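Features of the protein shown, as given by TrEMBL:
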- 199-380: domain 'Malic enzyme N-terminal' (DOMAIN)
- Tyr222: active site, proton donor (ACT_SITE)
- Arg275, Asn530, Asn574: (S)-malate binding site (BINDING)
- Lys293: active site, proton acceptor (ACT_SITE)
- Glu365, Asp366, Asp389: divalent metal cation binding site (BINDING)
- 390-643: domain 'Malic enzyme NAD-binding' (DOMAIN)
Amino acid sequence: PHKQIFLVFNTLSLFSLFSTKTKYSVFLLLLSQITMFSLNGTNFPNDSLSGVSRCLIQSRKKVSFPMVVASVSPNGDRNVSVLMENTLKEMKENSPVIEKDSKSTVTGGVGDVYGEDSATEDQTITPWNFSVASGYSLLRNPHYNKGLAFSEKERDSHYLRGLLPPVVFNHELQVKKLMNNLRQYDVPLQRYMAMMDLQERNERLFYKLLMENVEELLPVVYTPTVGEACQKYGSIFRRPQGLFISLKEKGKILEVLKNWPEKKIQVIVVTDGERILGLGDLGCQGMGIPVGKLSLYTALGGIRPSSCLPVTIDVGTNNEKLLKDEFYIGLRQRRARGQEYAELLDEFMSAVKQTYGEKVLIQFEDFANHNAFDLLAKYGTSHLVFNDDIQGTASVVLAGIMAALNLVGGNLAQHKFLFLGAGEAGTGIAELIALEMSKQTGAPLEETRKRTWMVDSKGLIVRSRMESLQHFKRPWAHDHKPVKELVNAVKLIKPTVLIGSSGTGKTFTKEVVQAMATFNKKPVIFALSNPTSQSECTAEEAYTWSEGRAIFASGSPFAPVEYKGKVFVSGQGNNAYIFPGLGLGLIISGAIRVHDDMLLAASEALAAEVSQENLEKGLIYPPFANIRKISAHIAAKVAAKAYELGLATRLPQPENLVTYAESCMYSPSYRSYR
């Protein structure tokens with residue numbers, strides 16, 4: 001009791017921060033409670049001092065968080081005022097009621113100015129946001145809510161009696177119930193919306209559900225369902241899940257970033273919505289992509305949810321249908337270009353670095369070709385940036401090719417590659433293949449590029465077209481006569497590997513696949529375009545037209561195919577194999593730049609995870625059921641490369657990086673509340 005009185009009086013030291021009205025209200029309330037205590041000799045009643053008695057009195061640990069103060073209005077009603085004073089050092093004696101493990105999983109070799117060292121650790125509070133201690137507010141906070149899993153003791157301690165049904169579920173039973181509910185939906189978008197509702201209601205349950213059922217739910221929270229979700233985002237939008245930064249915020253982006261409730265941001269996924277999957281310009285509605293990607297960073301890579309920030313840069317849209325849609329949520333104007341666009345992006349990049357530090361990873365997602373390459377080149381030397389469409393796709397496809405060589409034989413330099421599509425994905429894959437080939441053989445990059453050919457919308461890319469080609473296509477222009485049709489290019493070039501990244505469905509026709517099968521015993525075919533409707537061909541088509549000889553992988557998942565009594569299981573060349581582990585590796589090493597050698601290391605690590613058993617089934621990617629283990633191995637290889645290149649700042653280097661990576665990964669298990 002004496003400690004409680006001391007803590008109550010201790011809050012008086014903060015009076016200088018309050019308005020006169022608040023000072024008066026708090027003083028009267030405290031005085032009445034102290035008088036009541038002295039007269040009755042009892043503890044404070046449960047229905048009073050809700051902020052002080054439930055936050056301050058139960059607090060023990062030394063962290064800084066906003067204070068919740070109960071004030072009394074003249075008519076006796078209680079109101080709660082939340083003071084957003086996250087910088088007050090006087091509040092070090094306060095903490096939330098949530099238990100925190102004593103061990104620290106991440107340490108820093110340099111000054112941890114921005115708090116990056118705890119980016120993968122569970123945090124006891126939401127920085128500079130109001131802390132939840134009990135009652136109805138606790139049930140409404142997705143970070144701390146456990147739903148029916150609150151124990152009997154927790155229901156008593158945190159004023160939850162009557163707010164929940166009497167039954168107590170464990171975490172596993174909650175997962176079982178939700179999976180049963182999700183399987184009742186026939187429409188994928190309904191499952192997507194149910195998952196998003198769960199994420200906004202109970203964060204830990206969402207990630208446990210996703211992690212334990214990743215093969216079933218990955219197509220729900222990401223491709224292909226996320227494509228439809230983006231198309232209809234304006235209609236299904238309920239509550240903000242990230243930051244929307246538009247031209248209206250130009251000159252104020254630094255202040256806008258401060259509006260986000262989390263302070264220790266380590267990974268940002270940003271899009272301008274101009275090239276969403278194979279669906280084109282969806283403008284502001286592209287937010288579904290950063291949200292989905294960051295969910296996978298947590299579920300598959302173990303990055304703490306509160307250190308992830310989805311961002312959409314809204315500079316307008318050229319999609320006439322959206323501009324005429326009364327429910328469209330973005331700017332109703334055509335896209336800004338040139339200097340206006342460049343200035344907004346430059347302000348954003350500078351503000352991010354100023355707010356979150358040198359080691360925050362910025363992942364560019366679904367930018368159009370003309371911006372994607374320029375942004376990567378411009379900021380690659382000054383920021384920790386990564387383009388998943390260019391680099392992530394390249395890394396995962398290279399891993400699939402390396403695994404496929406175990407089935408078709410030969411080394412990388414002995415094969416010939418033909419691409420349909422010469423945009424971000426196509427040229428990014430081709431460049432990483434050439435880099436790996438150069439690494440293996442010692443041949444100059446200019447020579448290894450000659451093993452790759454590309455077909456764009458105008459036909460085969462050849463030297464006679466050089467002057468009209470965009471800069472990123474020019475390295476792939478070789479000496480050859482012009483060829484207009486893909487099937488003719490296949491017959492003339494005779495590739496051993498055919499890769500589709502065109503964003504156009506049904507382009508690997510029966511004639512194309514059969515041509516590949518005429519001069520390849522086991523033709524390797526990648527139909528990478530997303531969503532499923534934009535895939536260059538289906539798994540069934542690839543296996544049937546090649547008479548069961550194709551080694552097939554796709555961007556979106558396909559069901560197993562039975563052909564002449566044999567069941568074929570196709571691989572999915574999903575970027576989710578790469579970017580979560582890559583991000584974790586960059587974080588645990590404290591890397592300050594992304595290097596091509598890190599991408600090669602990630603590809604080699606993923607290819608090494610494909611077992612002989614997988615290969616015998618025709619799989620060139622490991623099952624997603626093991627993705628957390630795979631991500632840890634990829635993270636270890638990426639981190640090792642960062643240390644080798646001198647780009648790591650977290651010193652000293654751990655002895656066992658795999659074990660270290662696993663120890664840093666976020667766990668969605670419920671935690672005990674005092």
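Placed from the backbone N, Cα and C atoms, the Cβ positions cover glycine too.
The structure displayed is predicted, hence computed values, not measured ones.
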Tell me, which recorded positions from Tyr222, Lys293, Asp366 are within 10 Å of Arg275 ((S)-malate binding site) if we use the C-alpha atoms?
Asp366
If you measure Asn530 ((S)-malate binding site) to Lys293 (active site, proton acceptor) at Cα, how many Å is it?
15
Stretch-averaged pLDDT - the domain 'Malic enzyme N-terminal' (199-380)
95
Least Cβ-crowded entry, counting other Cβ within 10 Å, from the recorded positions listed as Arg275, Lys293
Arg275
List nothing but the one residue from Asn530, Asn574 whose Cβ has the fewest other Cβ atoms within 10 Å; the candidates are the binding-site residues.
Asn530
In whole Å, how far does the CA atom of Asp389 (divalent metal cation binding site) lie from that of Asn574 ((S)-malate binding site)?
11
Can you tell me how many other Cβ atoms are located within 10 Å of the Cβ belonging to Asp366 (divalent metal cation binding site)?
26
Rounded Cα distance in angstrom between the residue listed as 'active site, proton acceptor' and the residue listed as 'active site, proton donor' is 7
Rounded distance in angstrom between the Cα atoms of Glu365 (divalent metal cation binding site) and Tyr222 (active site, proton donor):
13
In whole Å, note down how far the CA of the residue listed as 'active site, proton donor' lies from the CA of Asp366 (divalent metal cation binding site).
14
At 10 angstroms around each C-beta, which of the binding-site residues Glu365, Asp389 has the fewest other C-beta atoms nearby?
Asp389
Cα distance (Å, whole number) from Asn574 ((S)-malate binding site) to the residue listed as 'active site, proton donor':
10
Neighbourhood of the divalent metal cation site (Glu365, Asp366, Asp389): other residues with Cβ within 8 Å of the Cβ centroid, in order?
Thr271, Arg275, Ile276, Ile289, Phe364, Phe367, Ala372, Asn387, Asp388, Glu424
